[in-house]
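Copied from Swiss-Prot, the annotated features are:
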TOPO_DOM  21-383  topological domain 'Extracellular'
DISULFID  CYS50-CYS102  disulfide bond
CARBOHYD  ASN95  N-linked glycosylation site
CARBOHYD  ASN99  N-linked glycosylation site
CARBOHYD  ASN110  N-linked glycosylation site
CARBOHYD  ASN118  N-linked glycosylation site
CARBOHYD  ASN140  N-linked glycosylation site
DISULFID  CYS166-CYS242  disulfide bond
CARBOHYD  ASN175  N-linked glycosylation site
CARBOHYD  ASN202  N-linked glycosylation site
CARBOHYD  ASN248  N-linked glycosylation site
CARBOHYD  ASN283  N-linked glycosylation site
DISULFID  CYS288-CYS353  disulfide bond
CARBOHYD  ASN317  N-linked glycosylation site
CARBOHYD  ASN346  N-linked glycosylation site
TRANSMEM  384-404  transmembrane segment
Amino acid sequence: MSGLFFLLSELLILLGKINSVSKKSLCHPELFKIDNKLNWRTSEEMVLTCKAVVNEKCKKSKLQMRWYKDNELLGKKIERGLKMKYRYRKKLKLNDSGNYTCFVFNKNGNSSVFFLINVTEKENFHVNENKILDGSEISNNTLYLHPEMGMENYHVIPNDEIVMQCRFFSPISINLTVSWYQHSCDSNYHNAQLLVKDSKFNISSNKESCQSYLSHIPLDSICLYSWLRFIATSDDQSCITCLIESDNNSIEKTKFTFTVLVDAGHRPHLTFAPSSTVCQGSNFTMKCETNVPRPILYIYKLDPSFNIENPIIHLSNSTLFVNNYNEDSKRSSQSAEVLIKSMDFNYSGRYLCSLAELPLFEIMHLSVIKCSNNFFMNSVPLSIFLVIGFFVAIILLSLIIYCFFLQYKNAVDSRKHFSIRKTVIVEYESPIYKSFINGTKNFKTDVLHTNSLLPDSNPLLPPIIKIKPIKRLSQFRDGNYGEQLPSTSTDRTRLESTRHSQLENEVFECGSGNNSLSLKYGLRKSSSFEFFSLYEFPCDAKWEFPREKLKITNKKLGEGAFGMVYEGIANDIGNRSNPIKVAVKMMRDDFSDSNVHDFVKEMEIMKHIGRHPNVIQLLGLCTQKGPLRVIVELAPYGNLRDFVRAKNKKYSKSKKIIGNFTSSILCTYSLQIARGMTYLASRSVVHRDLSARNILVGEHFEMKIADFGLTRIVDYYYRKKTDGILPVKWMAPEALLEKKYTTKSDVWSYGILLWEIFTLGDSPYSAILPEKVVDLIRKGFQNPKPELANFEIYRLMQHCWSLSSENRPNFFEIVEILIDIIQRIDDEPEENIYHSELNYLKMESDYLEPKCLV
């Protein structure tokens, strides 16, 4: 018996020791490395961090941590608790290489981690930034970037995938490494996140894209590239840098930085009703939508135990509801939609819509209730009816008061209807302006600034357009114009006819002398019929065309904010004896004085411009015996943007697309426009709205500059003093920021026009909001190289987009550059055949300024 007691006591002692050992094992500290970087440079600040953790089941105890280098104590820290973190910092020297140890212990045990640190000398050579091969003198032992690297920027929507290529020329004998970094554009790659590091085994040769540049590099060099697949996040802007370096630092490093712009207006989101209540037995459509292109959407019916507060969403117990399709269920490109027929109570619950590609989800609470005829009355509180009744009473009372006000206003205004007779005055401040518009002076067309173009030292000033009222009359008697406005539409029509007949009796013939002016009228009727304005326009014998020889058809060519353009037929106009088709501009019924002012100014500027094969030609005016009409030559193929878009698969609606635009054809179009702008510059004209939509395509496919609604005649520059709707994506920085316009600001717009031509009608800065364009331009962002543009054409675009206007070419220089490019392009000579097949492409076009910016 005593022996059994002894065995039990020994067993209890042994179990106590085992429990003590297991507790010590459970409660000894564990260490974790936070930093794993082992290779450092001198002068860098080394940061080593280790973290100690004790099991939460243990009591808090004293933790001690010590740092050693090669067994020499560096520092220590003591804390009471279950966690401890300690960071060791030091600015490095070469002798700081060695074995660093983090040692931690408590009464239950200890742990340690080791860092084997290698410190090397800081780089003492320069990192070349954007060192692009440009044809200048080269050195043998240098890395050069491919010339087309300077053309690569990206503007995308969130979650777009981009494939970037870092292309470069390298000596054959060098082993290279290419590192890709992502960082803020306000900082450099030193503090960036390393995305990938390519060794020599992942760097490929790129012979095809480098073939034309092999003559510019040393014989012992090779063309290589490294690529990165990058998915853009929802950040507005980030930069990606590729760093090229040799393994042994035998040559200078080279790097290039890509800018990635993400349109914040396209942040991904889901639309899923947060709650819905439906009646038992009815049909219900559950729909989830997103703005993400080509999405994968799921709709789940959530398990009742689902906890929305849990940061990790588990759907294992939920039902994938979107698979329960019947014949009426459907899934479109950007939505998941399910029609549930004959709803019952089993459908009540919570539903979750999620996007497979992104961590986005929305939850709907669906309630199925039993409905009856008196359900609404029984379920809605009386207070709701009282609130609704109160608001209905307020609305009815407001309507009654408003009706009384209108009745009173009409009674007062009925005594105030009157007619206003106005005259349009064109004042010529410059003594030479009339000789300009009469074509009696000779001008140079190969220079730009107006000071060298004027026939004498006097500045060329545009005419001043004034509109002044002549009489305000309340009676219509004894030949005076004015009558109380009748209240019925029939009376209004009769009054209008009476005014026309009365005014016909006051027609003055347009004299033939330069100083002979007679006035006629134009009729404006306001939209409210409360007054009429009678406009009298100056008559110019040189441009006046008999109204009876002009026939206007019903074919509308375009319509703007205050004007319309119709096709017409003119007899004996200009030097043509046969009837020809023309375009006729006219005012709409509801125009204002400001519209008349702008219309007449555009008409006067077209007189001043004169004739050039690449500028739309003014043929005549009808200012007498009827409404104002402006006659210009007809461009049967519409505007250039629609013309080139007909060959672009993204825009063309034609089932049959004949032929393709060659580089030679597109360069020829660009050359014609440059010649037209050279001529306008010689006439002291700044266009201010040069774009593909304002270039018309003539009968023989000649380019014609048109739409002079924003055009001004200037002496060196014109400063806009007022704000208005402007084509900001085509405007130069100084025009946007300083409202300063010169011929060089037209050169900037010409560069954008070139980009439109060679992209076959794409919109510039397509993913960027107009208000953000200015800031991006100031940061150096440019439209990417079009696929159809060669290296020389894109260089010309970039030259036109120089931030400093002094660094841009003038139009005469652009003409010379394009002639040189066309002579070197080896295209098949089938341009005329191709054009003859395009007759089916005659498109309607707007001859006026568009209603909104594209």
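Using N, Cα and C of the backbone, Cβ positions are placed for all residues, glycine too.
Shown on the structure are the features that Swiss-Prot records.
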residue: CYS50; record: disulfide bond; Cβ neighbours (10 Å): 25
residue: ASN95; record: N-linked glycosylation site; Cβ neighbours (10 Å): 8
residue: ASN99; record: N-linked glycosylation site; Cβ neighbours (10 Å): 12
residue: ASN118; record: N-linked glycosylation site; Cβ neighbours (10 Å): 10
residue: CYS166; record: disulfide bond; Cβ neighbours (10 Å): 27
residue: ASN175; record: N-linked glycosylation site; Cβ neighbours (10 Å): 12
residue: CYS242; record: disulfide bond; Cβ neighbours (10 Å): 28
residue: ASN283; record: N-linked glycosylation site; Cβ neighbours (10 Å): 12
residue: ASN317; record: N-linked glycosylation site; Cβ neighbours (10 Å): 10
residue: ASN346; record: N-linked glycosylation site; Cβ neighbours (10 Å): 8
For the transmembrane segment (384-404), find every same-chain residue at least 6 residues outside the stretch whose CB is under 8 Å from a CB in it, and list them.
none
Within 10 angstroms of the C-beta of CYS353 (disulfide bond), what count of other C-beta atoms is obtained when all protein chains are considered?
26
Does DSSP give CYS166 (disulfide bond) helix, strand or coil?
strand
Nearest of the recorded positions (ASN95, CYS102, ASN110, CYS242, ASN346) to ASN283 (N-linked glycosylation site), judged by Cα-Cα distance:
ASN346
Find the one among the recorded positions CYS50, ASN175, CYS242, CYS353 whose C-alpha lies closest to that of ASN95 (N-linked glycosylation site).
CYS50
Between CYS166 (disulfide bond) and ASN118 (N-linked glycosylation site), what is the CA-CA distance rounded to a whole number of Å?
30
Tell me the Cβ neighbour count for CYS288 (disulfide bond), meaning other Cβ atoms within 10 Å of its Cβ, over all protein chains shown.
26
Within a 10 Å radius around the Cβ, which one of these recorded positions has the most neighbouring Cβ atoms: CYS102, ASN110?
CYS102
Reduced DSSP assignment, ASN95 (N-linked glycosylation site):
helix
CYS353 (disulfide bond) and ASN118 (N-linked glycosylation site), distance between Cα atoms, whole Å:
52
Closest of CYS50, CYS102, ASN110, CYS242 to ASN346 (N-linked glycosylation site), Cα positions, recorded positions only:
CYS50
